[in-house]
Every structure is written in C-alpha cells, then in structure tokens.
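As recorded in TrEMBL, the features of this protein are as follows:
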type	residues	note
DOMAIN	178-282	domain 'Fe2OG dioxygenase'
Amino acid sequence: MSNNQGTIPVLDLSTARLEDGSFNPVFIDQLRDAAHRVGFFQITGYGAGEHQVAELFDAIKRFFDLPLEERLKLDNRNSPHFRGYTRMGTERTQGRADAREQLDYSPEGEPVVDYPADQPYWLLKGPNQWPDAVQPDLRERAMAWADLMSKVGQELLSGIGVGLGLPEDYFDEPFQGDPHWMGKLVHYVGGVVEEAGDQGVGIHADYGFVTLLLQDQVGGLEVLPPGATEWLPVEPIEGALVVNLGEMLEVATEGYVTATVHRVQAPPPGVDRYSVPFFWSPRLDAVIDPVPLSPELRAESRGLTDDPNNPMLASFGANMLKGRLRAHPDVTEKYYPEMLAK
Ligand SMILES: O=C(O)CCC(=O)C(=O)O
Ligand SMILES: [Fe+2]
C-alpha cells in the first residue's frame with residue numbers, strides 16, 4: 001500500500017464513555033489513531049438536537065440571502081476585533097482570494113482598552129456583529145451551536161489527553177475562565193470570484209486546538225494527511241461533524257498529533273455550499289507547554305512542520321492574532337498598519 005490513508009475515520013462520540021463515566025478504551029484507541037495518523041476524522045452521536053443542524057443551516061442561508069446592504073451593516077471592516085461579515089472574495093489564504101463570504105463570531109466581550117505592548121492579542125476581544133434587527137434567530141442559533149461545540153470540543157480534548165496517556169483533565173486549565181473560541185458561518189460559491197478560481201479556501205492548517213466543522217452535502221473539503229501524496233476528500237455525512245486538530249496540539253505533542261493541511265475546492269458555478277467551522281480554543285493568554293509523552297509515543301512523533309513562512313507559536317493569542325491579521329489584510333491595514341508591515 002502507498003502512504004495514502006484511504007479514508008477519513010468515522011467515530012461515534014456516544015460510545016466515548018462507559019456506564020461508570022470513564023472513557024471507553026476502544027473509543028480512545030480509535031481517537032488516538034485518528035489524531036495521530038490522519039489528523040482528521042468525523043464524529044456522529046455528539047448530542048445535537050433533532051432539528052438543530054437543519055435549523056442552523058436554514059438561518060445561515062437566509063442570512064446570506066439578505067440584500068448585500070443588510071449584510072454590509074455587519075462589515076468586519078468596522079470591527080477592530082475581526083468580527084462580523086467578510087465580503088465574498090476578500091478573505092485571503094496563501095495570498096490568494098477565497099471564493100467565500102462569512103460571518104465570524106467569538107464570545108461576546110467588552111473591548112480591552114489597555115493591554116501590554118507584548119500582548120497585542122487582547123485586541124481580539126470585543127462585541128460581535130449580528131443582524132438582530134432583521135434576523136434575530138441567527139444570533140440565537142449560532143450561539144446555541146457554539147455552546148454545544150464547546151462541550152464537544154472539551155470532551156474530545158479530554159479523550160485526546162487520555163489517548164496520550166495523560167489525565168483526563170490535562171488540557172482543562174488553559175480553557176478555564178474565558179476560552180476564546182471562534183465560530184464562522186460560511187457561504188461558498190463557484191464562478192463568482194474570478195481571482196479565486198477553484199480556491200474555495202486555500203491550503204492551510206488550523207491554528208488552534210480542535211476544529212469542529214459542520215458541512216452541508218455539497219462536498220469540496222480535501223485533506224493531505226502526513227505522508228500522503230494525494231488529496232483525500234472528506235465525504236459529507238449528513239449531520240456529522242468533521243474534526244481536525246490544530247497547530248497548538250501539534251506543537252504541544254511535538255508532532256505526535258498533526259495539524260493536517262486542508263483546502264476547499266470551490267463548488268461548480270451556480271452551486272452554493274454552506275459550512276460552519278468552530279474553533280475550540282483556550283484563553284488568549286494561554287501558553288501551551290510540551291506535554292509529557294511516553295517513550296513509545298515520543299518515538300512516533302514526527303516533530304513540527306517546518307514552514308518558515310508560518311512559525312508555530314506556543315502562545316495561543318499570538319498564534320490566533322497572526323492568523324487573523326493575515327486572513328484579513330484590509331482590517332489589519334485600517335486598524336493596525338504597524339502590524340501589517342511585520
Ligand atoms: O468549509 C470548510 O469545509 C472548511 C473551512 C476551513 O478549513 C476553515 O475555515 O478553516
Ligand atoms: Fe481550516
């Protein structure tokens with residue numbers, strides 16, 4: 001067999017725990033294998049309400065169907081905190097436009113007015129922008145989704161810890177208090193953004209810990225697991241969550257867990273695709289130390305992906321800020337021109 005991974009594993013989160021509340025060793029083995037070998041998997045049985053997924057997608061479609069003028073009332077260029085609506089084709093990955101528009105949100109917060117110069121990531125705190133006046137259900141459904149995803153993210157991270165031979169609560173501390181998760185409501189189109197070509201979103205790894213992605217049935221997400229030579233499609237499974245692991249976990253495990261690179265192919269002209277990535281993330285001031293791995297696991301660690309254009313940072317806030325500044329150069333230029341130069 002070649003190094004290609006064949007398929008993306010599918011796990012059932014409702015089997016994660018035994019009746020006594022402890023983790024099920026069978027599930028933990030599947031989870032560790034998926035996290036190490038592929039860095040991507042899908043989960044079912046994660047506790048969504050019966051109509052929750054359908055109602056969330058319905059609200060998202062109605063939002064992107066609003067007149068552009070309404071969407072632009074939430075323009076992210078009016079947010080120094082990188083929140084709100086990003087117009088079609090204006091987000092960039094690998095220096096090229098992505099064929100998508102999106103609404104980004106994080107925990108509601110007051111802007112931090114005074115922060116130390118060496119902790120610029122506090123600027124990411126602030127208020128979200130919602131279309132409450134014309135579509136109040138969007139905020140409700142998106143925030144309810146974030147609540148559910150926070151629980152799922154926490155449970156998976158506990159399981160990953162156990163899979164690494166660590167205590168169940170090993171990763172809890174950096175997430176206590178004010179975890180800075182981020183949700184995105186995303187709409188891809190084909191044939192509209194000329195510069196994007198077939199780039200729905202360009203090749204990248206996620207910068208956080210655990211990404212939980214809801215995708216519709218259109219498809220287009222592709223991943224390149226470690227050692228693979230061909231891109232592997234993540235086939236849509238209705239209602240399932242796609243899970244992938246981010247750079248902070250790769251750094252913490254010296255590459256035992258991989259932040260697998262992925263991309264989205266733009267849909268064919270005239271086809272819409274909707275997705276909801278959720279990045280389960282720690283406090284902005286969290287600094288992640290290397291985790292103590294057993295000699296057996298250490299022997300299988302791959303080391304860190306060495307990309308001089310994308311240094312990995314142990315500070316979550318610094319890593320997230322780096323990602324936001326790059327993805328939204330227009331916002332960066334408007335509010336933080338001195339950081340653009342860097
Ligand atoms: O929409 C998708 O399927 C994936 C999006 C993604 O990778 C991201 O936003 O980080
Ligand atoms: Fe991603």
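Think of each number as a place in line: the chain as shown, counted from 1.
In case you wondered, yes, glycine gets a Cβ from its N, Cα and C as well.
Any TrEMBL annotation is an automated prediction that lacks curation.
With helix defined as DSSP H, G or I and strand as E or B, the domain 'Fe2OG dioxygenase' (178-282) counts 9 helix, 47 strand, 49 coil. Taken together, the residues of the domain 'Fe2OG dioxygenase' (178-282) have an average pLDDT of 94.
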